[in-house]
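Chemist: The structure is given below, and queries will be raised subsequently.
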Amino acid sequence: MTQANTNNAYGKDIAMTVIGAGSYGTSLAISLARNGANVVLWGHEPEHMARLEADRANHAFLPGVDFPESLIIESDLEKAVQASRDLLVVVPSHVFGIVLNSCKPFLREDSRICWATKGLEPETGRLLKDVAYDIIGENYSLAVLSGPTFAKELAMGLPTAISVASPDAEFVADLQEKIHCSKTFRVYANNDFIGMQLGGAVKNVIAIGAGMSDGIGFGANARTALITRGLAEMSRLGAALGAKPETFMGMAGLGDLVLTCTDNQSRNRRFGLALGQGQDVDTAQEEIGQVVEGYRNTKEVWMLSQRMGVEMPIVDQIYQVLYQGKDARLAAQDLLARDKKAEGK
């Protein structure tokens, strides 16, 4: 268990620093602080952070949810990183490496880093653990937090379950202790560091496909088939990377996949809906008004599947729609026209 440490800019023990003050980072910080812990929330825009401090709420993304008193708002990265041994990075995947590199000069000798970012490295499709090891070396403990969570429901204190994985069992136990709240927020331990990272990236892509299917008007049968076959693609890619099959039947796999594919709180699903209804990619993204992780994730997962030689027909068709201008309805027709095959393949 982490020892109390008040030797920081705040003069109090800080259980965790959350790096990233978007809707999800803010909701995780709120949830942690509700457990009675002192939590620092850092964001890169001083004006945004000043507004959060003045309002003691994030009215833009989490209306009606007030900040606990123990939540500290910070725009100074050095103070934030130095404040706690444990960092929780919650930023879009395409800036994960940039943000981690910015944190690097301020890391403590005992720093441990967990992330709730879902995605892969842009342009390479590498797992985020490999990005982290390249940037900060292998002397720091790393962990990943993943599962079916919508930011607003988490911030409101509605029941939620999630999983955490790390090669460091002590870090997992400490994260469970800090994050788990038996009344509303359940945290499961998982020992599959690879599979936990992969599930969050692939499900974003499949959610776009589910939205496209519904936008075209294909109905519940088609959506369910797409989710099921999407899970098969996720599992095949995971097997090629050495992940454990059971991970994809858990929170970071099936759980997150079903949530993101079936509820319109999901930006990825709403993005797909717009595409299925005939909007172009740029217009659909603009209407969402926030980062659509699945857009970049599609290219990342497609690149990884090509490199690993794993057949992922749903991912391939969505990639063609997003990056090659293919019509969404034609992509759906091409999926339906594929040759007969056994379900397990």
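Cβ coordinates are placed from backbone N, Cα and C, and glycine is handled just like the others.
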Chemist: Which residue of K79, K203, K326, K341 does Swiss-Prot report at the same sn-glycerol 3-phosphate site as K118, G147, T149, D256, S266, R267, N268?
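Modeler: The record-listed residue among the candidates is K203.
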Chemist: How many other Cβ atoms sit within 10 Å of the Cβ of T149 (sn-glycerol 3-phosphate binding site)?
Modeler: 22
Chemist: Whole number in angstrom, please: the longest C-alpha to C-alpha distance across S23, Y24, H44, K118, A151, R267, V291, E293 for NADPH.
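Modeler: Answer in Å: the longest Cα-Cα distance is 22.
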Chemist: Quick one, of the binding-site residues H44, K118, K203, R267, which Cβ has the fewest other Cβ within 10 Å?
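Modeler: Taking H44, K118, K203, R267 as the binding-site residues, the minimal 10 Å Cβ count falls on H44.
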Chemist: Between any two of K118, G147, T149, K203, D256, S266, R267, N268, the residues recorded as binding sn-glycerol 3-phosphate, what is the biggest Cα to Cα distance in Å?
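Modeler: Max span of the sn-glycerol 3-phosphate binding residues, Cα based, is 16 Å.
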Chemist: So which binding-site residues are near T149 (sn-glycerol 3-phosphate binding site), with CA atoms within 10 Å, out of Y24, H44, E293?
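Modeler: Final answer, ordered: Y24.
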Chemist: In whole Å, how far does the CA atom of N268 (sn-glycerol 3-phosphate binding site) lie from that of E293 (NADPH binding site)?
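Modeler: Their Cα atoms are separated by 7 Å.
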Chemist: Helix, strand or coil: which one is K118 (NADPH binding site) in, per DSSP?
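Modeler: Where K118 (NADPH binding site) sits, the three-state DSSP reduction gives coil.
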